[in-house]
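Enquirer: I grabbed these lines from TrEMBL:
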type: COMPBIAS; residues: 7-24; note: compositional bias 'Low complexity'
type: COMPBIAS; residues: 35-45; note: compositional bias 'Polar residues'
type: COMPBIAS; residues: 50-85; note: compositional bias 'Low complexity'
type: DOMAIN; residues: 129-179; note: domain 'CTLH'
type: REGION; residues: 1-96; note: region 'Disordered'
type: REPEAT; residues: 299-340; note: repeat 'WD'
type: REPEAT; residues: 345-376; note: repeat 'WD'
type: REPEAT; residues: 557-589; note: repeat 'WD'
Amino acid sequence: KPRNKHGGSAAGRAGQFGAANGAGQNRDSEVSCRNGAQNGESSSAGAAHSNGVVSVTNNGNTVSNNNNNNGVSGQPAANSSNGSSEGKKKKRLSQSEEDVIRLIGQHLHGLGLNQTVDLLMQESGCRLEHPSATKFRNHVMEGEWDKVQPTYLQCTSRMKFLLLQQKYLEYLEDGKVLEALQVLRAELTPLKFNTERIHILSGYLMCSHAEDLRVKAEWEGKGTASRTKLLDKLQTYLPPSVMLPPRRLQTLLKQAVELQRERCLYHNTKLDSGLDSVSLLLDHTCSRKQFPCYTQQILTEHCNEVWFCKFSHNGTKLATGSKDTTVIVWHVDMETQQLKLMRTLEGHAYGVSYLAWSPDDAYLIACGPDDCSELWLWNIQTGELRTKMSQSHEDSLTSVAWNPDGKRFVTGGQRGQFYQCDLDGNLLDSWEGVRVQCLWCLSDGRNVLASDTHQRIRGYSFEDLTDRNIVQEDHPIMSFTVSKNGRLALLNVATQGVHLWDLQDRVLVRKYQGVTQGFYTIHSCLGGHNEDFIASGSEDHKVYIWHRRSELPIAELTGHTRTVNCVSWNPVLPGLLASASDDGTVRIWGPAPFLDVQNAEGLNECCSMDS
């Protein structure tokens, strides 16, 4: 190969120097190295970088010479990078690039890598913070309170108050009561800021010792901890051009991770809010195989249509009600997530179309269909019937809801009955002329929501006998349920499907598509982590799952052979879902089986996805 005649540069001499010292580089690599030096820029053959790392390619093998220009190595190769960088015009950084450098600098400073920060700022030409801010920080951390305010003259009244409050508390902890009193009278009070807090601070003068002061003031005491906390508060009142908000890079990264989780359609687990539980090198994604859309169990003990299913509040039990006149209570193994028959409750002559667990899961109330005038209250621990309630043979008690105190419940039906009773079935209150389709007690213990035959949900108070309209639909409301925080109501509306309402603002939030809803009573539910998901049965034999934000289903679960009447999401295990169908079975849905996760796509009872 021809020898390069322009090999007199420093990088070329470095290549010769390396070969002379037994670097093992052949003539090809020497030529490549010289060519890289001649061009003065990186290429596929060789590159001379400003950090002194020279990479050469030798028949496809990369060899690196770490000749750094930071003083670690004094070999001539370093002069080439310095010379080339001096010859180039320094690039002017954009505002966003400067911001990134400052964020990195702040993070490194927090890790104690101060020399690295100095080098980064020097090389980039950036300034981590205003010199006044540095003085401000140092004075606060050293407790030099008289020097703090002159350092940065634009201190707001709130900032001055926080500084003087720290000064006052530190005087008190040191036993300098007169000095503390002087701060209170001559400095804090004239600010005329937060006088209520000043009255509280004056009460600390009566503290007998330092520990008593720290407890009453909920204060860490004089030292680094309390001053760092103070500085974090003060930084929020300073413009970022002067001093960055505390731990700004970590805050931005947490926000990015949270946003990715919120946008993930299948995110269904509770993760630590810290950054240590995730990788910052990859975007957050959840596989659909982690989502409850695979049949884990088929419960076949009922011998007729299964009309209702409901997990207990603690997630350890599932109750199912059937046309076969029985309620079956299943035990949920919280480790294996497998269900076993716990006990069968018999004698519901008309069948069981609705179930409600007491707040402590000790009792279960069972209701029948429209022509049923009886209600059963079972003790789940003993399997004994505590109460069988019937006010009149003409009643229709088809729905029930527990008061949060666990001592009362409300029940009603479409023939105009609306009762409040105690656990022995004694009538406490009644409301005349309300044709109830479905009921829900709010967490305040005073108000009851009831859907009626006028296509609406109204709020009723048994205390002052007032009622008000909350939701008005154009079609019959077949059933509804309410979110844990009481803000959202999920409705199954005849011929329309599943609707989500905001009870506080009284507005329709979203209509969910896909489900087939005629005039059958189908019970949907909210569930999953943070109740981010909605599930509903359907007359087309499927279970539909939506993310609460998305109108289109993210999963359609197939396997049932007749109408799916009810679904229930385990409130403790976000990956466990139950569905009850007219085909006489209850299906338990969970993530893809661990052993078959690679072949999960081929399972028969799989789900089709639309995202």
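Any Cβ shown, glycine's included, is placed from N, Cα and C.
TrEMBL does not curate its annotations; it predicts them automatically.
Quick one: how deep are these features, and who are their neighbours?
Expert: Listed as Cβ neighbours of the repeat 'WD' (299-340) (distance under 8 Å, sequence separation of 6 or more from its ends, same chain) are residues 346-357, 359-361, 364, 366, 369, 378, 380, 523, 562, 565-573, 575-576, 578-588, 590.
Residue counts for the repeat 'WD' (345-376) by DSSP state, with H, G and I taken as helix and E and B as strand, are 0 helix, 12 strand, 20 coil.
For the repeat 'WD' (557-589), DSSP puts the residue distribution at 0 helix, 16 strand, 17 coil.
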Enquirer: Cβ under 8 Å, sequence separation of at least 6 from the ends of the repeat 'WD' (557-589): give me the contacting residues as numbers and ranges.
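Expert: Tertiary neighbours of the repeat 'WD' (557-589) are 268-270, 290-300, 302-311, 313-316, 318, 320, 322, 332, 334, 337, 339, 520-529, 533, 535-539, 541-545, 604-608.
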Enquirer: Checking distant contacts: for the repeat 'WD' (345-376), what same-chain residues at least six beyond its ends satisfy Cβ-Cβ under 8 A?
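Expert: Beyond its ends, the repeat 'WD' (345-376) has Cβ neighbours at 304, 307-310, 312-314, 316-317, 319-329, 383, 385-402, 404-406, 409, 411, 413-414, 423, 425, 521.
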Enquirer: When the pLDDT values for the repeat 'WD' (557-589) are averaged, what is the result?
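Expert: A mean pLDDT of 96 is what the predicted model shows over the repeat 'WD' (557-589).
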